Amino acid sequence: MAARKGRRRTCETGEPMEAESSDAGTEGPAQVYLPGRGPPLREGEELVMDEEAYVLYHRAQTGAPCLSFDIVRDHLGDNRTELPLTLYLCAGTQAESAQSNRLMMLRMHNLHGTKPPPSEGSDEEEEEDEEDEEERKPQLELAMVPHYGGINRVRVSWLGEEPVAGIWSEKGQVEVFALRRLLQVVDDPQALATFLRDEQARVKPIFAFAGHMGEGFALDWSPRVSGRLLTGDCQKNIHLWTPTDGGSWHVDQRPFVGHTRSVEDLQWSPTEDTVFASCSADASIRIWDIRAAPSKACMLTAAAAHDGDVNVISWSRREPFLLSGGDDGALKIWDLRQFKSGSPVATFKQHVAPVTSVEWHPQDSGVFAASGADNQITQWDLAVERDPEAGDAETADPGLADLPQQLLFVHQGETDLKELHWHPQCPGLLVSTALSGFTVFRTISV
């Protein structure tokens, strides 16, 4: 959330932004700043964050930027809201040279909430505030493993008690890494020092598949069948991985046939063991069943799902809905009971550049988040209906009038946003990666 310096603005529907001004007399009436819907920033103006719109907000950098990451489920409990928070991320870098890349485990901890605005106080209170500030500093532990080649996508799964990461390399390989040791050392500073000195260079994948004909991005672990994996490449091919005894995989060399261009994303059904969805640069979304032969497994197709590439999809864990985002900037909701019609049940157009990531909220069935190449993260709630009393505010600020009523929140301030995920154990907590680094935040809206 941000405002222009020099005037008060709103970036979340109904939540005022605090603005700063270096020039006397430049502050004007409250207005909305939203990319593509109003005048661009003028010279001397900048966006200023309104901390009161966030319950929690932290940023972190890891050197080379990360195109993809995943949140690692931990043993600290579900439905965690008590602050400070701890979370674990597995991420892969996109460094300038192939040999400079790393697969990383991040432990972020001591994540406190945003502080209330400072009040006028005594010197004694100021000293207490300084001590408090030191105690509230966020902490980051980082265990890194060298990886030759940029990492296009990271997805984590637990195979019984063993955490693993499936990663797509720009070198055309899909690899599986064991994560247990990395998780152990980020919890223990002494073990971390030993690991970085003696062990990290020796870590190798426990399995690798080089049968794709080039690089790719699409990858998803089954939430229902432990170890079952799908991978899709830029050459239109999708391969099924089946776990075997002894901790290995059998990868079916026969690709699923249907897409005519790059496979961009894959999602297993959360309710059926054998069903998955895919999306592609050929503008289509397809539903498949692996019980059929790969050449006949495509059961349903929305041939022109978006006006151009379909970049990302998310299958709701709670409703028969598929969410998609495309190069056209549109977000679309597909009711799988009506998928044959080829028409979405809802379309939202807030992003003014390609959508780069979408994900349903893990607990709240109507809520989802999206990120775009316009450097916006948007939060949505399908259950929201327009408040009749909001009319006055919209008249005063016409920028609000044509906003989708389901749009809850717009977060800005990142550069080149790539991916976001809700934390499955910390309700409402979002994590994103961008060229500008990682951001961890929870808004007042979700």
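Cβ atoms are placed via backbone N, Cα and C, with glycine included.
As written in TrEMBL, here are the features:
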COMPBIAS  121-134  compositional bias 'Acidic residues'
DOMAIN    45-112  domain 'Histone-binding protein RBBP4-like N-terminal'
REGION    1-42  region 'Disordered'
REGION    110-138  region 'Disordered'
REPEAT    256-291  repeat 'WD'
REPEAT    303-337  repeat 'WD'
REPEAT    348-382  repeat 'WD'
>> Checking distant contacts: for the repeat 'WD' (348-382), what same-chain residues at least six beyond its ends satisfy Cβ-Cβ under 8 A?
In response: 34-36, 309, 311-319, 321, 323-333, 403-404, 406-422, 424, 427-428, 430, 432, 434, 443, 445-446
> Who are the long-range neighbours of the repeat 'WD' (303-337) in its own chain, taking Cβ under 8 Å and residues 6 or more past its ends?
Replying inline: 223, 262, 264-270, 277-281, 283-285, 287, 344-360, 362, 365-366, 368, 370, 372, 374, 380, 382
> Per DSSP, what is the residue count of the domain 'Histone-binding protein RBBP4-like N-terminal' (45-112) in each of helix, strand and coil?
Replying inline: 6 helix, 35 strand, 27 coil
